[in-house]
Amino acid sequence: MLEIGSPNALFFRTNTTCNNLLRELQKIWVEIGETETEKDRMLMELERECLQIYQRKVDEAANSKAKLHQSVASIEAEVASLMAALGVLNINSPIKLDKGSKSLKEKLAAVTPLVEELRIQKEERMKQFSDIKAQIEKISGEISGYSDHLNKAMNISLTLEEQDLTLRNLNEYQTHLRTLQKEKSDRLNKVLGYVNEVHALCGVLGVDFSQTVSAVHPSLHRTDQEQSTNISDSTLEGLEHMIQKLKTERKSRFQKLKDVVASLFELWNLMDTPQEDRTKFGKVTYVVRSSEANITEPGILSTETIEQVSTEVDSLSKLKASRMKELVMKRRSELEDLCRLTHIQPDTSTSAEKSTALIDSGLVDPSELLANIEMQINKIKDEAQSRKDIMDRIDRWLSACEEENWLEEYNLDENRYSAGRGGHVNLKRAERARVTINKIPGMVDTLIKKTLVWEEDMQKSFLYDGVRLVNILEDYKLTRKQQEEEKKRYRDQKKRQDLLLTQRESIYGSKPSPRRSSSFRKPNGFNISNGNGSVPPTPRRGSVGTTTPDVLLTPRSYSGHHRQNGYFKEVRRLSTTPLNYVAMQKEDTVSTTYTSIYSSEPDSPLQG
(Lines of atoms letter the chains of each structure in order from A and count residues from 1; the text may use other names and numbers.)
(Lines give C-alpha, C1' and ligand atoms only; values in the text may rest on other atoms or scores of the structure.)
Protein backbone atom coordinates (compact mmCIF):
# COMPACT_ATOMS: atom_id res chain seq x y z
CA MET A 1 0.00 0.00 0.00
CA LEU A 2 1.33 3.36 -0.95
CA GLU A 3 1.94 5.95 1.78
CA ILE A 4 -0.08 9.10 1.42
CA GLY A 5 2.10 12.10 0.67
CA SER A 6 5.01 9.98 -0.54
CA PRO A 7 6.43 10.58 -4.05
CA ASN A 8 5.25 7.14 -5.27
CA ALA A 9 1.70 7.76 -4.04
CA LEU A 10 1.70 11.15 -5.68
CA PHE A 11 2.98 9.62 -8.93
CA PHE A 12 0.38 6.82 -8.78
CA ARG A 13 -2.41 9.29 -8.12
CA THR A 14 -1.22 11.46 -10.98
CA ASN A 15 -1.03 8.57 -13.40
CA THR A 16 -4.51 7.43 -12.45
CA THR A 17 -5.92 10.87 -12.99
CA CYS A 18 -4.14 11.26 -16.30
CA ASN A 19 -5.29 7.86 -17.51
CA ASN A 20 -8.89 8.65 -16.64
CA LEU A 21 -8.69 11.96 -18.42
CA LEU A 22 -7.02 10.31 -21.42
CA ARG A 23 -9.75 7.65 -21.70
CA GLU A 24 -12.40 10.36 -21.43
CA LEU A 25 -10.58 12.34 -24.14
CA GLN A 26 -10.33 9.31 -26.42
CA LYS A 27 -14.05 8.64 -25.89
CA ILE A 28 -14.79 12.20 -26.95
CA TRP A 29 -12.53 11.82 -29.96
CA VAL A 30 -14.40 8.67 -31.01
CA GLU A 31 -17.69 10.40 -30.70
CA ILE A 32 -16.33 13.28 -32.70
CA GLY A 33 -14.73 11.02 -35.25
CA GLU A 34 -11.19 12.28 -35.11
CA THR A 35 -8.66 10.51 -37.27
CA GLU A 36 -5.74 8.63 -35.83
CA THR A 37 -3.35 11.19 -37.19
CA GLU A 38 -5.24 13.96 -35.56
CA LYS A 39 -5.37 11.98 -32.33
CA ASP A 40 -1.57 11.39 -32.41
CA ARG A 41 -0.99 15.07 -33.11
CA MET A 42 -3.10 16.20 -30.17
CA LEU A 43 -1.51 13.60 -27.87
CA MET A 44 1.97 14.87 -28.83
CA GLU A 45 0.86 18.43 -28.17
CA LEU A 46 -0.60 17.42 -24.83
CA GLU A 47 2.63 15.64 -23.85
CA ARG A 48 4.71 18.71 -24.82
CA GLU A 49 2.51 21.02 -22.76
CA CYS A 50 2.87 18.73 -19.75
CA LEU A 51 6.64 18.72 -20.10
CA GLN A 52 6.68 22.50 -20.27
CA ILE A 53 4.67 22.75 -17.09
CA TYR A 54 7.00 20.31 -15.31
CA GLN A 55 10.03 22.17 -16.55
CA ARG A 56 8.67 25.49 -15.34
CA LYS A 57 8.01 24.09 -11.93
CA VAL A 58 11.48 22.60 -11.78
CA ASP A 59 13.00 25.92 -12.71
CA GLU A 60 10.94 27.73 -10.09
CA ALA A 61 12.06 25.26 -7.44
CA ALA A 62 15.68 25.65 -8.46
CA ASN A 63 15.40 29.42 -8.26
CA SER A 64 13.80 29.19 -4.85
CA LYS A 65 16.62 26.97 -3.67
CA ALA A 66 19.22 29.38 -4.99
CA LYS A 67 17.52 32.27 -3.26
CA LEU A 68 17.44 30.37 -0.01
CA HIS A 69 21.14 29.58 -0.35
CA GLN A 70 21.80 33.25 -1.02
CA SER A 71 19.68 34.34 1.95
CA VAL A 72 21.46 31.96 4.26
CA ALA A 73 24.83 33.12 2.97
CA SER A 74 23.81 36.76 3.31
CA ILE A 75 22.60 36.23 6.85
CA GLU A 76 25.80 34.43 7.74
CA ALA A 77 27.79 37.30 6.25
CA GLU A 78 25.64 39.85 8.12
CA VAL A 79 26.09 37.95 11.37
CA ALA A 80 29.82 37.90 10.84
CA SER A 81 29.81 41.60 9.96
CA LEU A 82 27.68 42.56 12.97
CA MET A 83 29.80 40.48 15.31
CA ALA A 84 32.94 42.05 13.90
CA ALA A 85 31.52 45.58 14.10
CA LEU A 86 30.23 45.09 17.64
CA GLY A 87 33.30 43.22 18.71
CA VAL A 88 31.23 40.21 19.82
CA LEU A 89 33.41 37.09 20.04
CA ASN A 90 31.43 34.77 22.32
CA ILE A 91 28.43 34.03 20.01
CA ASN A 92 28.45 31.01 17.58
CA SER A 93 26.25 30.90 14.45
CA PRO A 94 23.51 28.15 14.50
CA ILE A 95 24.24 27.36 10.83
CA LYS A 96 27.83 26.48 11.55
CA LEU A 97 26.84 24.27 14.46
CA ASP A 98 24.60 21.96 12.29
CA LYS A 99 25.37 22.14 8.60
CA GLY A 100 23.91 18.86 7.20
CA SER A 101 20.87 17.99 9.28
CA LYS A 102 18.77 21.07 8.55
CA SER A 103 17.15 22.41 5.39
CA LEU A 104 17.81 25.83 4.07
CA LYS A 105 14.59 27.22 5.50
CA GLU A 106 15.35 25.73 8.90
CA LYS A 107 18.81 27.23 8.83
CA LEU A 108 17.37 30.58 7.85
CA ALA A 109 14.76 30.41 10.58
CA ALA A 110 17.39 29.47 13.15
CA VAL A 111 19.75 32.39 12.42
CA THR A 112 17.10 35.12 12.03
CA PRO A 113 16.66 35.83 15.81
CA LEU A 114 20.42 36.21 16.20
CA VAL A 115 20.51 38.66 13.33
CA GLU A 116 17.67 40.66 14.82
CA GLU A 117 19.41 40.79 18.19
CA LEU A 118 22.68 41.88 16.63
CA ARG A 119 20.87 44.51 14.61
CA ILE A 120 19.27 45.91 17.78
CA GLN A 121 22.68 46.00 19.51
CA LYS A 122 24.13 47.77 16.50
CA GLU A 123 21.38 50.39 16.52
CA GLU A 124 21.89 51.02 20.23
CA ARG A 125 25.67 51.18 19.79
CA MET A 126 25.31 53.54 16.86
CA LYS A 127 23.03 55.75 18.95
CA GLN A 128 25.68 55.86 21.69
CA PHE A 129 28.32 56.74 19.14
CA SER A 130 26.05 59.36 17.63
CA ASP A 131 25.40 61.00 20.99
CA ILE A 132 29.09 61.02 21.90
CA LYS A 133 30.15 62.25 18.49
CA ALA A 134 27.51 64.94 18.60
CA GLN A 135 28.85 66.18 21.94
CA ILE A 136 32.45 65.93 20.72
CA GLU A 137 31.72 67.84 17.56
CA LYS A 138 29.68 70.43 19.43
CA ILE A 139 32.41 71.06 22.00
CA SER A 140 35.06 71.03 19.30
CA GLY A 141 33.02 73.58 17.40
CA GLU A 142 32.74 75.78 20.50
CA ILE A 143 36.47 75.55 21.07
CA SER A 144 37.40 76.17 17.46
CA GLY A 145 34.78 78.85 16.95
CA TYR A 146 33.22 77.24 13.86
CA SER A 147 30.19 75.63 15.46
CA ASP A 148 27.72 76.47 12.68
CA HIS A 149 29.83 74.83 10.00
CA LEU A 150 30.52 71.79 12.15
CA ASN A 151 26.86 71.29 13.02
CA LYS A 152 26.05 70.91 9.30
CA ALA A 153 28.94 68.50 8.79
CA MET A 154 27.88 66.56 11.88
CA ASN A 155 24.43 65.80 10.46
CA ILE A 156 26.01 64.37 7.29
CA SER A 157 28.59 62.31 9.14
CA LEU A 158 26.01 60.74 11.43
CA THR A 159 24.09 59.27 8.47
CA LEU A 160 27.07 57.20 7.41
CA GLU A 161 27.27 53.70 8.81
CA GLU A 162 29.89 53.34 11.48
CA GLN A 163 32.35 50.54 10.73
CA ASP A 164 33.89 50.21 14.18
CA LEU A 165 31.24 49.92 16.89
CA THR A 166 33.32 48.03 19.44
CA LEU A 167 33.35 48.92 23.11
CA ARG A 168 37.04 49.77 22.83
CA ASN A 169 36.28 52.40 20.20
CA LEU A 170 33.33 53.63 22.27
CA ASN A 171 35.59 54.02 25.32
CA GLU A 172 38.07 55.98 23.22
CA TYR A 173 35.32 58.33 22.12
CA GLN A 174 34.16 58.71 25.72
CA THR A 175 37.72 59.46 26.87
CA HIS A 176 38.07 62.04 24.12
CA LEU A 177 34.72 63.52 25.12
CA ARG A 178 35.78 63.82 28.77
CA THR A 179 39.01 65.52 27.68
CA LEU A 180 37.07 68.01 25.60
CA GLN A 181 34.59 68.58 28.43
CA LYS A 182 37.47 69.35 30.80
CA GLU A 183 39.03 71.68 28.26
CA LYS A 184 35.66 73.37 27.80
CA SER A 185 35.29 73.77 31.55
CA ASP A 186 38.81 75.23 31.81
CA ARG A 187 38.18 77.57 28.92
CA LEU A 188 34.84 78.62 30.35
CA ASN A 189 36.42 79.38 33.72
CA LYS A 190 39.19 81.27 31.94
CA VAL A 191 36.66 83.28 29.94
CA LEU A 192 34.66 84.04 33.07
CA GLY A 193 37.85 85.10 34.85
CA TYR A 194 38.74 87.40 31.97
CA VAL A 195 35.21 88.79 31.89
CA ASN A 196 35.32 89.49 35.64
CA GLU A 197 38.68 91.23 35.23
CA VAL A 198 37.29 93.29 32.36
CA HIS A 199 34.29 94.15 34.55
CA ALA A 200 36.55 95.32 37.38
CA LEU A 201 38.71 97.38 35.04
CA CYS A 202 35.67 98.91 33.37
CA GLY A 203 34.31 99.80 36.80
CA VAL A 204 37.52 101.56 37.83
CA LEU A 205 37.81 103.35 34.49
CA GLY A 206 34.11 104.20 34.30
CA VAL A 207 33.76 102.46 30.91
CA ASP A 208 30.58 100.70 29.66
CA PHE A 209 31.14 97.01 30.38
CA SER A 210 28.53 95.63 27.98
CA GLN A 211 29.91 97.50 24.99
CA THR A 212 33.45 96.50 25.90
CA VAL A 213 32.83 92.74 26.05
CA SER A 214 30.39 92.79 23.15
CA ALA A 215 33.17 94.18 21.01
CA VAL A 216 35.07 90.94 21.71
CA HIS A 217 32.07 88.60 21.19
CA PRO A 218 28.31 89.22 21.53
CA SER A 219 27.79 86.03 23.57
CA LEU A 220 29.83 87.44 26.47
CA HIS A 221 27.04 89.79 27.53
CA ARG A 222 23.81 88.04 26.51
CA THR A 223 21.12 87.57 29.11
CA ASP A 224 19.18 84.96 27.08
CA GLN A 225 20.11 81.33 26.57
CA GLU A 226 19.98 81.38 22.78
CA GLN A 227 23.73 81.19 22.46
CA SER A 228 26.21 79.82 24.96
CA THR A 229 29.30 81.72 25.99
CA ASN A 230 31.91 81.59 23.28
CA ILE A 231 35.11 79.92 24.46
CA SER A 232 37.10 79.86 21.23
CA ASP A 233 40.74 80.83 20.92
CA SER A 234 39.78 84.05 19.19
CA THR A 235 37.54 85.02 22.11
CA LEU A 236 40.28 84.29 24.64
CA GLU A 237 42.79 86.25 22.60
CA GLY A 238 40.30 89.08 22.23
CA LEU A 239 39.72 89.19 25.99
CA GLU A 240 43.45 89.12 26.69
CA HIS A 241 44.00 91.96 24.25
CA MET A 242 41.10 93.91 25.78
CA ILE A 243 42.47 93.40 29.31
CA GLN A 244 45.90 94.57 28.22
CA LYS A 245 44.34 97.59 26.55
CA LEU A 246 42.33 98.44 29.68
CA LYS A 247 45.40 98.00 31.90
CA THR A 248 47.37 100.32 29.66
CA GLU A 249 44.56 102.86 29.89
CA ARG A 250 44.40 102.36 33.66
CA LYS A 251 48.14 102.95 33.97
CA SER A 252 47.91 106.10 31.87
CA ARG A 253 44.93 107.47 33.80
CA PHE A 254 46.45 106.48 37.15
CA GLN A 255 49.65 108.38 36.40
CA LYS A 256 47.65 111.33 35.11
CA LEU A 257 45.41 111.40 38.18
CA LYS A 258 48.41 110.94 40.46
CA ASP A 259 50.16 113.90 38.87
CA VAL A 260 47.01 116.01 39.07
CA VAL A 261 46.42 115.05 42.73
CA ALA A 262 50.07 115.80 43.55
CA SER A 263 49.62 119.23 41.99
CA LEU A 264 46.40 119.61 43.98
CA PHE A 265 48.20 118.79 47.23
CA GLU A 266 50.95 121.24 46.38
CA LEU A 267 48.44 124.00 45.68
CA TRP A 268 46.51 123.18 48.86
CA ASN A 269 49.65 123.43 50.95
CA LEU A 270 50.87 126.58 49.25
CA MET A 271 47.55 128.34 49.60
CA ASP A 272 46.61 126.93 53.02
CA THR A 273 43.32 125.55 51.72
CA PRO A 274 40.98 124.74 54.65
CA GLN A 275 40.17 121.13 55.41
CA GLU A 276 36.50 121.44 54.54
CA ASP A 277 37.42 122.43 50.98
CA ARG A 278 39.67 119.38 50.70
CA THR A 279 37.06 116.92 51.94
CA LYS A 280 35.14 116.70 48.67
CA PHE A 281 38.27 115.32 46.99
CA GLY A 282 38.93 112.82 49.74
CA LYS A 283 38.19 109.79 47.54
CA VAL A 284 41.01 110.65 45.12
CA THR A 285 43.64 111.83 47.59
CA TYR A 286 44.60 108.29 48.57
CA VAL A 287 45.76 107.68 44.98
CA VAL A 288 49.07 109.38 45.76
CA ARG A 289 49.80 106.84 48.50
CA SER A 290 48.50 103.76 46.65
CA SER A 291 49.89 101.54 43.93
CA GLU A 292 48.13 101.02 40.62
CA ALA A 293 47.08 97.45 41.46
CA ASN A 294 45.34 98.59 44.67
CA ILE A 295 43.03 101.04 42.88
CA THR A 296 39.64 99.27 42.94
CA GLU A 297 37.06 101.93 43.75
CA PRO A 298 34.49 102.21 40.93
CA GLY A 299 34.88 105.29 38.77
CA ILE A 300 38.02 106.48 40.53
CA LEU A 301 39.92 106.63 37.22
CA SER A 302 37.04 107.77 35.07
CA THR A 303 37.49 110.70 32.74
CA GLU A 304 34.86 112.60 34.74
CA THR A 305 36.87 112.23 37.96
CA ILE A 306 40.12 113.26 36.31
CA GLU A 307 38.44 116.25 34.67
CA GLN A 308 36.88 117.24 37.99
CA VAL A 309 40.26 117.22 39.75
CA SER A 310 41.93 118.94 36.79
CA THR A 311 39.28 121.66 36.89
CA GLU A 312 39.98 122.20 40.58
CA VAL A 313 43.72 122.37 39.87
CA ASP A 314 43.14 124.90 37.09
CA SER A 315 40.96 126.97 39.39
CA LEU A 316 43.55 126.89 42.16
CA SER A 317 46.31 127.64 39.66
CA LYS A 318 44.50 130.79 38.58
CA LEU A 319 44.01 131.76 42.21
CA LYS A 320 47.62 130.90 42.87
CA ALA A 321 48.77 133.19 40.07
CA SER A 322 46.92 136.08 41.67
CA ARG A 323 48.41 135.29 45.06
CA MET A 324 51.85 134.29 43.85
CA LYS A 325 53.49 137.50 44.95
CA GLU A 326 52.13 136.99 48.44
CA LEU A 327 53.31 133.39 48.42
CA VAL A 328 56.78 134.39 47.23
CA MET A 329 57.06 136.96 50.01
CA LYS A 330 55.83 134.43 52.55
CA ARG A 331 58.30 131.76 51.51
CA ARG A 332 61.10 134.33 51.36
CA SER A 333 60.24 135.37 54.91
CA GLU A 334 60.34 131.73 55.95
CA LEU A 335 63.74 131.41 54.25
CA GLU A 336 65.07 134.43 56.13
CA ASP A 337 63.69 133.09 59.42
CA LEU A 338 65.37 129.77 58.75
CA CYS A 339 68.63 131.52 57.91
CA ARG A 340 68.38 133.52 61.14
CA LEU A 341 67.93 130.37 63.16
CA THR A 342 70.81 128.60 61.43
CA HIS A 343 73.05 131.72 61.14
CA ILE A 344 73.40 131.21 57.37
CA GLN A 345 73.32 134.13 54.99
CA PRO A 346 70.32 133.91 52.61
CA ASP A 347 70.74 134.19 48.87
CA THR A 348 70.35 137.84 47.95
CA SER A 349 69.14 137.04 44.43
CA THR A 350 65.67 136.33 45.84
CA SER A 351 65.52 139.09 48.43
CA ALA A 352 62.15 140.69 49.08
CA GLU A 353 63.05 143.85 47.17
CA LYS A 354 64.42 142.02 44.14
CA SER A 355 61.57 139.49 44.10
CA THR A 356 58.99 142.25 44.20
CA ALA A 357 60.71 144.10 41.38
CA LEU A 358 61.00 140.97 39.24
CA ILE A 359 57.35 140.01 39.73
CA ASP A 360 56.09 143.53 39.06
CA SER A 361 58.19 143.84 35.92
CA GLY A 362 57.05 140.46 34.60
CA LEU A 363 60.62 139.40 33.79
CA VAL A 364 60.36 136.22 35.87
CA ASP A 365 57.56 133.73 36.25
CA PRO A 366 56.44 133.79 39.91
CA SER A 367 56.28 130.00 39.91
CA GLU A 368 59.93 129.79 38.91
CA LEU A 369 60.84 132.31 41.56
CA LEU A 370 58.87 130.37 44.15
CA ALA A 371 60.53 127.13 43.05
CA ASN A 372 63.92 128.82 43.39
CA ILE A 373 63.09 129.89 46.93
CA GLU A 374 61.85 126.39 47.75
CA MET A 375 65.13 125.01 46.45
CA GLN A 376 67.04 127.48 48.63
CA ILE A 377 64.99 126.43 51.67
CA ASN A 378 65.80 122.79 51.04
CA LYS A 379 69.45 123.66 50.54
CA ILE A 380 69.53 125.60 53.82
CA LYS A 381 67.89 122.69 55.63
CA ASP A 382 70.44 120.26 54.24
CA GLU A 383 73.34 122.54 55.14
CA ALA A 384 71.89 123.14 58.61
CA GLN A 385 71.81 119.40 59.15
CA SER A 386 75.50 119.13 58.26
CA ARG A 387 76.30 122.13 60.55
CA LYS A 388 74.31 120.79 63.50
CA ASP A 389 77.27 119.40 65.45
CA ILE A 390 79.28 122.61 65.08
CA MET A 391 76.28 124.79 65.91
CA ASP A 392 75.67 122.78 69.08
CA ARG A 393 79.29 123.37 70.09
CA ILE A 394 78.91 127.09 69.34
CA ASP A 395 75.86 127.20 71.61
CA ARG A 396 77.81 125.50 74.40
CA TRP A 397 80.69 127.96 73.92
CA LEU A 398 78.31 130.95 73.98
CA SER A 399 76.66 129.55 77.08
CA ALA A 400 80.09 129.36 78.73
CA CYS A 401 80.73 132.95 77.69
CA GLU A 402 77.44 133.98 79.28
CA GLU A 403 78.54 132.31 82.49
CA GLU A 404 81.83 134.19 82.28
CA ASN A 405 79.99 137.50 81.91
CA TRP A 406 77.74 136.65 84.82
CA LEU A 407 80.72 135.76 86.97
CA GLU A 408 82.34 139.08 86.06
CA GLU A 409 79.28 141.00 87.24
CA TYR A 410 79.03 138.78 90.30
CA ASN A 411 82.60 139.56 91.28
CA LEU A 412 81.81 143.28 91.07
CA ASP A 413 79.09 142.90 93.68
CA GLU A 414 80.41 144.03 97.11
CA ASN A 415 77.61 142.17 98.87
CA ARG A 416 78.17 138.80 97.19
CA TYR A 417 79.33 137.20 100.44
CA SER A 418 76.44 138.52 102.48
CA ALA A 419 74.07 136.08 104.09
CA GLY A 420 71.15 137.52 102.21
CA ARG A 421 68.49 135.58 100.40
CA GLY A 422 69.87 133.51 97.48
CA GLY A 423 73.51 134.13 98.38
CA HIS A 424 74.41 130.44 98.67
CA VAL A 425 72.79 129.75 95.29
CA ASN A 426 74.96 132.38 93.61
CA LEU A 427 78.05 130.98 95.33
CA LYS A 428 77.35 127.53 93.89
CA ARG A 429 76.69 128.99 90.48
CA ALA A 430 79.95 130.93 90.68
CA GLU A 431 81.84 127.71 91.39
CA ARG A 432 80.23 125.99 88.44
CA ALA A 433 80.89 129.03 86.25
CA ARG A 434 84.63 128.96 87.11
CA VAL A 435 84.78 125.28 86.10
CA THR A 436 82.99 126.04 82.84
CA ILE A 437 85.20 129.07 82.09
CA ASN A 438 88.32 126.95 82.43
CA LYS A 439 86.98 124.78 79.58
CA ILE A 440 86.52 127.68 77.15
CA PRO A 441 90.02 127.48 75.55
CA GLY A 442 89.54 123.76 74.91
CA MET A 443 86.07 124.42 73.51
CA VAL A 444 87.46 127.01 71.11
CA ASP A 445 90.30 124.75 69.93
CA THR A 446 87.94 121.83 69.38
CA LEU A 447 85.49 124.08 67.57
CA ILE A 448 88.25 125.28 65.24
CA LYS A 449 89.28 121.70 64.45
CA LYS A 450 85.71 120.62 63.79
CA THR A 451 85.13 123.65 61.59
CA LEU A 452 88.26 122.99 59.53
CA VAL A 453 87.22 119.37 59.02
CA TRP A 454 83.77 120.51 57.92
CA GLU A 455 85.29 123.02 55.49
CA GLU A 456 87.53 120.34 54.03
CA ASP A 457 84.62 117.94 53.57
CA MET A 458 82.25 120.54 52.14
CA GLN A 459 84.93 122.38 50.14
CA LYS A 460 83.75 125.78 51.36
CA SER A 461 84.09 128.11 54.33
CA PHE A 462 81.90 127.76 57.41
CA LEU A 463 80.19 131.14 57.65
CA TYR A 464 78.41 132.34 60.77
CA ASP A 465 76.13 135.23 59.85
CA GLY A 466 78.30 135.90 56.80
CA VAL A 467 81.66 135.79 58.63
CA ARG A 468 84.01 132.83 58.57
CA LEU A 469 83.76 131.10 61.92
CA VAL A 470 87.46 130.23 62.03
CA ASN A 471 88.32 133.93 61.73
CA ILE A 472 85.93 134.76 64.56
CA LEU A 473 87.48 132.08 66.76
CA GLU A 474 91.03 133.15 65.94
CA ASP A 475 90.15 136.78 66.72
CA TYR A 476 88.54 135.62 69.93
CA LYS A 477 91.66 133.72 70.95
CA LEU A 478 93.85 136.71 70.09
CA THR A 479 91.64 139.15 71.97
CA ARG A 480 91.48 136.81 74.95
CA LYS A 481 95.27 136.53 74.92
CA GLN A 482 95.61 140.33 74.79
CA GLN A 483 93.26 140.69 77.73
CA GLU A 484 95.25 138.14 79.68
CA GLU A 485 98.38 140.15 78.98
CA GLU A 486 96.61 143.38 79.95
CA LYS A 487 95.45 141.83 83.20
CA LYS A 488 98.94 140.56 83.90
CA ARG A 489 100.39 144.01 83.33
CA TYR A 490 97.64 145.45 85.50
CA ARG A 491 98.46 143.04 88.32
CA ASP A 492 102.17 143.85 88.05
CA GLN A 493 101.47 147.56 88.11
CA LYS A 494 99.11 147.01 91.03
CA LYS A 495 101.88 145.34 92.95
CA ARG A 496 104.16 148.29 92.31
CA GLN A 497 101.41 150.69 93.39
CA ASP A 498 100.86 148.69 96.58
CA LEU A 499 104.57 148.79 97.29
CA LEU A 500 104.69 152.56 96.68
CA LEU A 501 101.60 153.05 98.83
CA THR A 502 103.21 151.14 101.67
CA GLN A 503 106.34 153.24 101.42
CA ARG A 504 104.35 156.47 101.45
CA GLU A 505 102.25 155.35 104.40
CA SER A 506 105.41 154.59 106.30
CA ILE A 507 106.67 158.11 105.62
CA TYR A 508 103.52 160.24 105.81
CA GLY A 509 101.07 157.98 107.55
CA SER A 510 97.67 156.89 106.30
CA LYS A 511 95.17 159.57 105.44
CA PRO A 512 91.54 159.30 104.34
CA SER A 513 91.05 160.03 100.72
CA PRO A 514 88.61 162.84 99.97
CA ARG A 515 87.67 161.05 96.73
CA ARG A 516 86.80 157.66 98.23
CA SER A 517 83.12 158.46 98.21
CA SER A 518 83.23 158.79 94.47
CA SER A 519 85.07 155.51 93.92
CA PHE A 520 82.22 153.17 94.60
CA ARG A 521 80.92 151.06 91.75
CA LYS A 522 78.27 152.71 89.68
CA PRO A 523 75.13 150.86 88.77
CA ASN A 524 75.71 151.01 85.03
CA GLY A 525 79.28 149.72 85.01
CA PHE A 526 82.59 149.53 86.71
CA ASN A 527 85.45 151.89 85.75
CA ILE A 528 88.97 151.90 87.04
CA SER A 529 90.96 155.13 86.65
CA ASN A 530 94.09 156.46 88.27
CA GLY A 531 93.68 159.98 87.00
CA ASN A 532 96.65 159.92 84.71
CA GLY A 533 95.68 157.14 82.34
CA SER A 534 98.54 154.87 83.38
CA VAL A 535 96.19 152.09 84.52
CA PRO A 536 94.32 150.40 81.65
CA PRO A 537 90.59 150.04 82.00
CA THR A 538 89.34 146.66 83.12
CA PRO A 539 86.75 144.71 81.12
CA ARG A 540 83.16 145.57 81.95
CA ARG A 541 79.73 144.73 80.59
CA GLY A 542 78.15 148.18 80.60
CA SER A 543 77.95 150.26 77.45
CA VAL A 544 81.00 152.27 78.36
CA GLY A 545 83.26 153.53 75.59
CA THR A 546 86.17 151.08 75.44
CA THR A 547 88.57 150.02 72.75
CA THR A 548 88.08 146.92 70.70
CA PRO A 549 90.94 144.84 72.19
CA ASP A 550 89.32 145.20 75.63
CA VAL A 551 86.15 143.41 74.43
CA LEU A 552 86.00 139.70 73.50
CA LEU A 553 83.66 139.33 70.54
CA THR A 554 81.52 136.20 70.12
CA PRO A 555 80.22 135.22 66.65
CA ARG A 556 77.11 137.32 67.13
CA SER A 557 78.88 140.40 68.47
CA TYR A 558 81.58 139.90 65.84
CA SER A 559 78.99 139.98 63.11
CA GLY A 560 77.39 143.09 64.57
CA HIS A 561 80.75 144.80 64.98
CA HIS A 562 82.05 144.14 61.48
CA ARG A 563 78.90 143.84 59.36
CA GLN A 564 76.33 145.97 61.22
CA ASN A 565 73.96 143.02 60.83
CA GLY A 566 70.46 143.97 61.91
CA TYR A 567 69.66 140.39 62.92
CA PHE A 568 72.22 140.34 65.72
CA LYS A 569 72.22 143.50 67.87
CA GLU A 570 73.15 141.73 71.08
CA VAL A 571 76.82 142.16 71.91
CA ARG A 572 78.34 139.55 74.15
CA ARG A 573 81.46 140.71 75.93
CA LEU A 574 83.62 138.13 77.55
CA SER A 575 86.48 138.32 79.99
CA THR A 576 89.17 135.89 81.03
CA THR A 577 89.56 134.55 84.55
CA PRO A 578 87.69 137.05 86.77
CA LEU A 579 89.47 139.32 89.21
CA ASN A 580 88.34 140.76 92.53
CA TYR A 581 87.26 144.08 91.12
CA VAL A 582 85.84 145.35 94.41
CA ALA A 583 89.13 144.94 96.21
CA MET A 584 90.96 146.37 93.20
CA GLN A 585 88.59 149.36 93.21
CA LYS A 586 89.29 150.13 96.84
CA GLU A 587 93.04 149.82 96.42
CA ASP A 588 92.92 151.98 93.33
CA THR A 589 91.09 154.70 95.29
CA VAL A 590 93.76 154.77 97.96
CA SER A 591 96.47 154.84 95.34
CA THR A 592 94.82 157.75 93.63
CA THR A 593 94.62 159.69 96.91
CA TYR A 594 98.31 159.46 97.57
CA THR A 595 99.18 160.13 94.03
CA SER A 596 97.30 163.42 94.14
CA ILE A 597 99.53 164.66 96.98
CA TYR A 598 102.52 164.95 94.69
CA SER A 599 100.69 166.16 91.63
CA SER A 600 99.90 169.73 90.76
CA GLU A 601 96.33 168.74 89.99
CA PRO A 602 94.09 166.20 91.62
CA ASP A 603 94.06 163.94 88.56
CA SER A 604 97.62 164.54 87.33
CA PRO A 605 99.76 161.53 86.29
CA LEU A 606 102.06 159.76 88.67
CA GLN A 607 105.53 161.26 89.05
CA GLY A 608 107.92 158.40 88.65
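Glycine residues also receive a Cβ, built from the backbone N, Cα and C atoms like all the rest.
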The annotated coiled coil range in Swiss-Prot, which must be one of 208-244, 319-355, 467-503: 467-503
Nonlocal residues around ALA430 (site 'Microtubule binding'), in sequence order (Cβ under 8 Å, 6 or more apart): LEU407, TYR410, ARG416
Integer average pLDDT (0 to 100) for the coiled coil (467-503): 90
Surrounding residues of the coiled coil (368-388) on its own chain - C-beta under 8 Å, 6+ positions past either end: 270, 324, 327-328, 331-332, 334-335, 338-339, 342, 344, 346-347, 349-350, 355, 358-359, 454, 458, 462
